[in-house]
Amino acid sequence: MMDLKVDEEEVDSGQPVSIQAFASSSTLHGISHIFSYERLSLKRVVWALCFMGSLALLALVCTNRIQYYFLYPHVTKLDEVAATRLTFPAVTFCNLNEFRFSRVTKNDLYHAGELLALLNNRYEIPDTQTADEKQLEILQDKANFRNFKPKPFNMLEFYDRAGHDIREMLLSCFFRGEQCSPEDFKVVFTRYGKCYTFNAGQDGKPRLITMKGGTGNGLEIMLDIQQDEYLPVWGETDETSFEAGIKVQIHSQDEPPLIDQLGFGVAPGFQTFVSCQEQRLIYLPPPWGDCKATTGDSEFYDTYSITACRIDCETRYLVENCNCRMVHMPGDAPYCTPEQYKECADPALDFLVEKDNEYCVCEMPCNVTRYGKELSMVKIPSKASAKYLAKKYNKSEQYIGENILVLDIFFEALNYETIEQKKAYEVAGLLGDIGGQMGLFIGASILTVLELFDYAYEVIKHRLCRRGKCRKNHKRNNTDKGVALSMDDVKRHNPCESLRGHPAGMTYAANILPHHPARGTFEDFTC
């Protein structure tokens, strides 16, 4: 049996349109004049040069925009926001004299006399020429260490016991016109010793708020700084103070006081008015800014702040260099002894604060609340009120003038200022600039770019198919792919025999043409 087959292997006919046809229908401006069916002419050359120049300018501008984006620029937005109520800040103050003279015992003098510059290293009073006779007599009695058996000494207990007591210092206290008491102040230790914080927001007490601005709507306290309790100054040490008055810091409840570096002084004999404005600062994290976005790095404080970071860093520095910590420092390291204070802790901390700029590098938190201040003051007491105040507090007029001060802290207005860093150039701006430049120089859009990619894909696919990567075998069917016939089929449908043996009387002309109506198609094919 012999089969006749017509097999054909053909290439898928996916040929893309010509570049001229694509250019004529593309939304990309200018290329229809470059790729045309006309022969090369000056017009086409000029269009090509203009198009390439526009592409070059577009690339230049887009490169500039992309470089600017990766500079991560930012702008600062300043705004004032009115409020119906504001949280009153924490107010911390310290007497500039760390220890009360009357509270220094013989045991204190034995252990810390040299630290306080009251004794020399031989336990002797160094200079008696400038001493007050009454103080000198008391000090000589305390400095007599014959048959004295020293007892254990603890710096924390000494600071707490010998520091100024709020119950003796506070003569009057009002907040928003309502009386307050020493119980509203929380003890806090700083480098100035025993200090007090009003509105600390701790120990279960809520943070106080104010509903109005101006004097009378904040905190007003009258204090006695007790200059007669100041330690006599016969020499200079890190614990010696030449000033009289208090140091004050206004700060957020979320950060500890760093009053020795950030506080301002208030002098006796004056009423000091402090007008505040709350400022909320919002910084950007890298790469747009330098703020620290993460919190919780400190093992001593829950909320990250620059002051918390500095205290934490100073504590680690002293523990590493002196194997102890100062009274105001957090942690569980042992407190420094008076000898360690004098020989190591005070010099090391002074060096760290004033000269070392590399050990304690504290990043700015991304959200900061601070308080701008404006100070003004008036003399107190007046001549008219001096006698009244002296009688009221059972003191002399001279004592009132040398020891009494009034501190009035209030909000200037019931609003706050926001200082916010914002991204100056974001992805949306970059895309908008690039899209605008594309439209300006070449009249293109994102869809135009998709057109180009689609045409490039079709061209690449066609070229790959021409190399034999897309060939397929196909069999022709009876209608359009050809028919495979066996010899039996040919014999059964043999028209030639019928032509040779046609019935009698049926004749065909010798000159009959193929496809004549008298003959069939199949007969034409087989014969």
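Cβ from N, Cα, C; glycine included.
Copied over from Swiss-Prot:
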DISULFID  CYS94-CYS195  disulfide bond
DISULFID  CYS173-CYS180  disulfide bond
DISULFID  CYS291-CYS366  disulfide bond
DISULFID  CYS309-CYS362  disulfide bond
DISULFID  CYS313-CYS360  disulfide bond
DISULFID  CYS322-CYS344  disulfide bond
DISULFID  CYS324-CYS336  disulfide bond
SITE      GLU80  site 'Involved in channel desensitization'
TOPO_DOM  1-49  topological domain 'Cytoplasmic'
TOPO_DOM  455-527  topological domain 'Cytoplasmic'
TRANSMEM  50-71  transmembrane segment
TRANSMEM  425-454  transmembrane segment
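Comparing Cα positions, CYS366 (disulfide bond) lies closest to CYS195 out of the disulfide-bonded residues CYS195, CYS322, CYS324. Reduced to three states, the DSSP call for CYS195 (disulfide bond) is strand.
Proximity of CYS362 (disulfide bond) to non-local residues of its own chain (separation of 6 or more, Cβ distance below 8 Å) is seen for ILE306, CYS309, ARG310, CYS313, given in sequence order. Straight-line distance linking the Cα atoms of CYS322 (disulfide bond) and CYS336 (disulfide bond), rounded to a whole number, equals 8 Å. For CYS195 (disulfide bond), the same-chain residues that are 6 or more apart in sequence and have a Cβ closer than 8 Å to its Cβ are THR92, PHE93, CYS94, ASN95, VAL187, VAL188, PHE189, PRO257, ILE259. GLU80 (site 'Involved in channel desensitization') carries a strand DSSP state (E or B). Here the candidates are the disulfide-bonded residues CYS291, CYS324, CYS336, CYS344, CYS360, and by Cα distance the one nearest CYS173 (disulfide bond) turns out to be CYS336. Here the C-alpha separation of CYS291 (disulfide bond) and CYS336 (disulfide bond) works out to 34 Å. Taking only the Cα positions, the spacing between GLU80 (site 'Involved in channel desensitization') and CYS336 (disulfide bond) is 47 angstrom. For the disulfide-bonded residues CYS180, CYS344, CYS360, a Cα to Cα distance of within 10 angstroms from CYS336 (disulfide bond) holds for CYS344. Recorded residues CYS360 (disulfide bond) and CYS344 (disulfide bond) have their alpha carbons 18 Å apart, per Cα-Cα distance. In the predicted model, residues of the topological domain 'Cytoplasmic' (1-49) average a pLDDT of 71. Same-chain residues at least 6 positions away in sequence with a Cβ under 8 Å from that of CYS344 (disulfide bond) are, in sequence order, LEU318, ASN321, CYS322, CYS324, CYS336.
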